[in-house]
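As recorded in Swiss-Prot:
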- 9-16, 56-60, 119-122: GTP 1 binding site (BINDING)
- 214-221, 261-265, 326-329: GTP 2 binding site (BINDING)
- 3-167: domain 'EngA-type G 1' (DOMAIN)
- 208-383: domain 'EngA-type G 2' (DOMAIN)
- 384-468: domain 'KH-like' (DOMAIN)
Amino acid sequence: MTFKVAIIGRPNVGKSTLFNRLVGRKLALVDDTPGVTRDRRVHAAKLYDLHFDVIDTAGFEDAGASTLPGRMRAQTEIAIHEADLIFFTIDAKSGLLPDDRTFAEIVRKSGKPVVLVANKAEAKGAQGGMLEAWELGLGEPIPVSAEHGQGMPDLRDAVIAALGEARAFGEEEEGEDDEIAATEVLIGEDIADPDAEDAHTYDNTKPMRIAVVGRPNAGKSTLINALIGEERLLTGPEAGITRDSISVDWDWHGRRLKLFDTAGMRRKARIHEKLEVMSVQDGLRAIRFAEIVIIVLDATIPFEKQDLQIADLIIREGRAPVIAFNKWDLIDHPQELLAELREKTERLLPQVRGIQAVPVSAETGRGLDKLMDAVLRTHKVWNSRVSTGKLNRWLEAILAHHPPPAVAGRRLKVKYVTQAKTRPPGFVVQCSRPDAMPQSYVRYLSNSLREAFDMPGVPIRIALRTSDNPFAGRAKKRG
């Protein structure tokens, strides 16, 4: 990447829509409600032959430093400091508001090169807003429609004019594709990067994707900030600060990681606003594309019904869960509570028996190294593979000790087992009558597999297949 662009402006001028247009996918939540974006989101972007990082930011608001809008503004000011170029974005349809003038002055004082982006230029009445924009003193406004992809060639030329050709083009990375991205139709709303892989093409050099989930106000954003050692994500006492899933790249002892902060997940019955529905859906996508999911529980009120529903979703999706009992600094009798919580964990989540559960304090930093050790151990188990020879020796011993029961007077026969996949470990068991096999015996096989091959804390999939003789029927044909 050659440079970094921050998209700045008051709420609801279309910053996230422009961000999505530049990255070529619908990553940021977009809604008519002002203030949807709260954290700053960074992603690789492409504008014709220009390659750069783009930062989506919260809308600038004039507010006290200790308030939520004030803390959002502080995150935006960090983005201005990090950026090489500012896209100061206005709504040409509605024209200038007092906040546009106030924040234009802040951007001007930063001394950074600025491109004045007049968004929603396709709307009726936008011409008046375009003329007003000259009053900001930020140069010629570039008319665009982020929603429809209009005006992108002019935006590209404005970037080159602001930075100069040498800075704008810089040193191209090998093998990069110069296809036009910003004018294409946006498809999909996935949270994952395009490097999603299946079990057979897993590349250990790619960043491990870790989603951090939990109920509102459990301390998810604070935990990520504590892990990476900076105030990267907006935090505070208000529940529901995080709205869309924000990814943060991080290196832990040489291991590349991508952390996804997600919106707090409440019970469906309590979700009424469209924006919260969108936020939760965004979090669900983060889970589906993650490898590890850290479930953050508030240790002062752990194992609410919603916590268990979140854990069940993660297990059904086949992700590898790790539990973080957060706010451990508030606990008076930690040893007694830890023993109680671990017993509850085993009892309430039998599908992932042996799950890693670590007490942490995102506020003080206690337990974070142990949490990351648990993440790496769980990831290794989630990727584990057992040879067919070992599996069938195990099966032989299991059948001798505890054969499957008889059903309708006929004993079920289990003949062969092999591992079909990893991430999570999945096994195919050949048996005489798959439909008749009791689920209790399938659970027995799963628990025995987990214990015999040291696979604690991850979902194990077992598929039953018929063991029909492939040569059956030939004698009949000869007859």
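Cβ atoms are placed via backbone N, Cα and C, with glycine included.
Taking the features listed in Swiss-Prot, we show where each one sits on the structure.
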| residue | record | Cβ neighbours (10 Å) |
| --- | --- | --- |
| Gly9 | GTP 1 binding site | 26 |
| Asn12 | GTP 1 binding site | 17 |
| Lys15 | GTP 1 binding site | 30 |
| Thr57 | GTP 1 binding site | 28 |
| Ala121 | GTP 1 binding site | 22 |
| Gly214 | GTP 2 binding site | 26 |
| Asn217 | GTP 2 binding site | 17 |
| Lys220 | GTP 2 binding site | 31 |
| Thr262 | GTP 2 binding site | 28 |
| Trp328 | GTP 2 binding site | 21 |
Spatially closest candidate among Gly214, Asn217, Lys220, Thr262, Trp328, the listed binding-site residues, to Ala121 (GTP 1 binding site) (Cα to Cα): Thr262
For Gly214 (GTP 2 binding site), which DSSP three-state class applies? strand
Alpha-carbon spacing, Trp328 (GTP 2 binding site) to Thr57 (GTP 1 binding site), which is rounded to whole Å: 32
Between the Cα atoms of Gly214 (GTP 2 binding site) and Gly9 (GTP 1 binding site), what distance do you get, rounded to the nearest Å? 31
DSSP secondary structure for Lys220 (GTP 2 binding site), reduced to helix/strand/coil, please. helix
Among the binding-site residues listed as Asn217, Lys220, Thr262, the Cα nearest the Cα of Lys15 (GTP 1 binding site) belongs to Thr262
Taking only the Cα atoms, work out how far Thr262 (GTP 2 binding site) lies from Gly9 (GTP 1 binding site), in Å, as a whole number. 24
In DSSP terms, helix, strand or coil for Gly9 (GTP 1 binding site)? coil
